[in-house]
Amino acid sequence: MRNKSPRHRWLSRAFALAILIVASVLHVTSARAEDGYELWLRYHPLTAGQATIYRIDASQLVMGSATPTQRVTREELQRGLLGLLGQAPSLSDTVTRDGAIIVGTPASSPLIARLRLDTADLGHEGYLIRHVNVDGHAATVIIANDDIGALYGAFHFLRLLQTDQPIAHLDLRDSPRVKLRVLDHWDNLDGSVERGYAGTSIWDWFKLPDWLAPRYTDYARANASIGINGVVLNNVNATPQILTPVYLEKVAALANVFRPYGIRVYLSARFSAPIEIGGLKTADPLDPQVQQWWRTKAGEIYKLIPDFGGFLVKANSEGQPGPQDYGRTHADGANMLADALAPHGGVVMWRAFVYSQSASADRAKQAYDEFKSLDGHFRANVLLQVKNGPIDFQPREPFNPLFGAMPKTPLMMEFQITKEYLGFATHLVYLGPLYEEVLSADTMTHGKGSTVAKVIDGTLDNHTLSGIAGVANIGTDQNWSGSVFNQANWYVFGRLAWNPTQSSRAIADDWVRMTFTNDVAFVKPVVDMMMGSREAAVDYMTPLGLHHLMGPGHHYGPAPWDASEPRADWRPVYYHRADSEGIGFDRTRSGSDAVDQYEPSIAAQFNDVKQTPEELLLWFHHVSWDYRMRSGQTLWYELVAHYTQGVDHVMQMRETWSRLDGYIDTERYQQTATFLAIQEREAQWWRDACIAYFQSISGRPLPPGFAPPQHSLKYYESLSFPYVPGH
Ligand code: BDP
């Protein structure tokens, strides 16, 4: 701790007192109605009941407003300080009293330059926040090398206030570890959102470019507050129209709104666009006319959007066109687009989520099989975007074996934020632990400690280009994400994208405080509830390494019996392989040998049923129903126990929530209570349907002490859902 002069101490106390008085005058009950629109940027008065002493005189804000980013930074601080402390700060060029907040860059502010603080390690987006003395006055500075860093710093500072942190002696510096921190919107031009459960698309394409909904600005604020610096506006199952002049004008209008917030726009590009909107006969990446078409298109885009980010491409996957249609490789396709973008500084995010038209022996192996050998064949401005697991955003998957296996290629993580496989809008499932589990997984490819986080932040193989993407859960719902708790998944994604080594619990703690209240009697149980929620979903949906048991097409609810899909590898029965003897997908050396896509020591572990973590048992092994688990119980017993435990956990979450009535506004409280009731009912449905089905296969009696399913298997099989959202 720094030494403080007696005068300074006296002043600090005086401010503390002053602010406490203001705060107590402004004290309002937390029980006002809210609709969730403000997200975590909820600058409501900090209550006098809190123990914090706000040693800050918010009445003086010393900062410039010469650039758009400086202006939005100033607006955000004014809005935040007014809301939180009840005082509108005055703007000033000089520090005339203690407690001022000084914001800017050494280049834009002589005052900041004079402080000579070391900003060398902050890079373009980093910042430092520090308690300093300026002309005899105590002040807080938020300094960066570029305006955008100062905006990020301002949001960090506001977060400290919002979460009740001491701010009197700040000395912190932070900068992002990952370069591209991107939200992927699976939004269609007709306003629908693929796998969207929060209303329709927030992009009002029809009224763009003229009408710029205020929501676009709030969206940009929210993203900037957690460090997101890129957005892909349209679905990976892309229509070529987005690349036509009419739509590019609209895209440019959105880019203009986002630019001050440090956010670049990207587009999903349909590989066959040269045919569909270019009038060419082919989209062959080696055809000079095709190459020229993309170069011209890139030039056209950059004329409108000079900081355009680049293209995201889903090629030769689930029926999408791609280079393989012409006998070319994924590298040929990606490089052709990369060459068109390179002169303008754009990148290609090429997806590794591919699988061929004809179902293979093990779909889990396909991405690795297709891409591993292409390592070293991509241009420098190509990132390979890899889903976290080898199948498809399931409640639990082992990490994708491509992580660590392509050292010469920057691998970009793709997480799903929208809960396509985790209960849509209504289930309370905090995805922080899922993301953290994947990011902290050790690939072992460069010895111990070769975590997935180090692969994607580029440090493991010295890549300067790095990225992480999350499939957005945002729509026109007033609360943006379909439920208040789903906002936490957007939030934690951004925070982990900034620094993938953070703890998801600490992030949940921040989110709860910012979103609801700092009252620990509320914060603690809610954070606990969030932290346990993902494991609960794994338990009531797909315990012990099971996966892909959901309803066909729409993915709502359980359907482990389903064999209706046209492709074998879209059917649950393909994945669980239950028969009278046992259950699970044999991916060992005597099965599909997917284990050998991992580094040898990990492969050996997964290959050995005794060494495989039980949470992934049925992912890698087909075992007998009577297989002895570590608990000494049979697999059949443990399966039923896990399904039951999942439902019990949801009951506990409801119970916890029922004790928290009165801590927050009625609106958000009630909606969460109702959604938890839906979740409990659906968790019970998952459990009962899966147990009924697996019992019909295993022929085993229900272990004693467990309730039988509420309905017959026939009943569960008879349910059909023609109008599920997001499909
Ligand atoms: C699957 C979704 C599908 C997406 C696909 C993808 O069900 O809607 O198009 O992922 O990521 O999980 O391309």
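Keep in mind that glycine also has a Cβ here, set from the backbone N, Cα and C atoms.
Summarising the annotation, TrEMBL assigns active site, proton donor to Glu318. Under the heading active site, proton acceptor, TrEMBL lists Asp392, Glu420. According to TrEMBL, the domain 'Alpha glucuronidase N-terminal' annotation covers 39-157. The annotation domain 'Glycosyl hydrolase family 67 catalytic' is assigned in TrEMBL to 161-480. Residues annotated as domain 'Glycosyl hydrolase family 67 C-terminal' in TrEMBL: 482-705.
Listed active-site residues: Glu318, Asp392, Glu420; maximum Cβ neighbour count within 10 Å falls on Glu420. Counting residue by residue with DSSP, the domain 'Alpha glucuronidase N-terminal' (39-157) contains 38 helix, 27 strand, 54 coil.
Secondary structure at Glu420 (active site, proton acceptor), taken from DSSP and collapsed to helix, strand or coil, is coil. Under the three-state DSSP scheme, Glu318 (active site, proton donor) falls in the coil class. According to DSSP, Asp392 (active site, proton acceptor) sits in a coil region rather than a helix or strand.
Between the C-alpha atoms of Asp392 (active site, proton acceptor) and Glu420 (active site, proton acceptor), the distance comes to 10 Å.
The two recorded residues the residue listed as 'active site, proton donor' and Glu420 (active site, proton acceptor) have their Cα atoms spaced 17 Å from each other. Summed and averaged per residue, pLDDT over the domain 'Alpha glucuronidase N-terminal' (39-157) gives 90.
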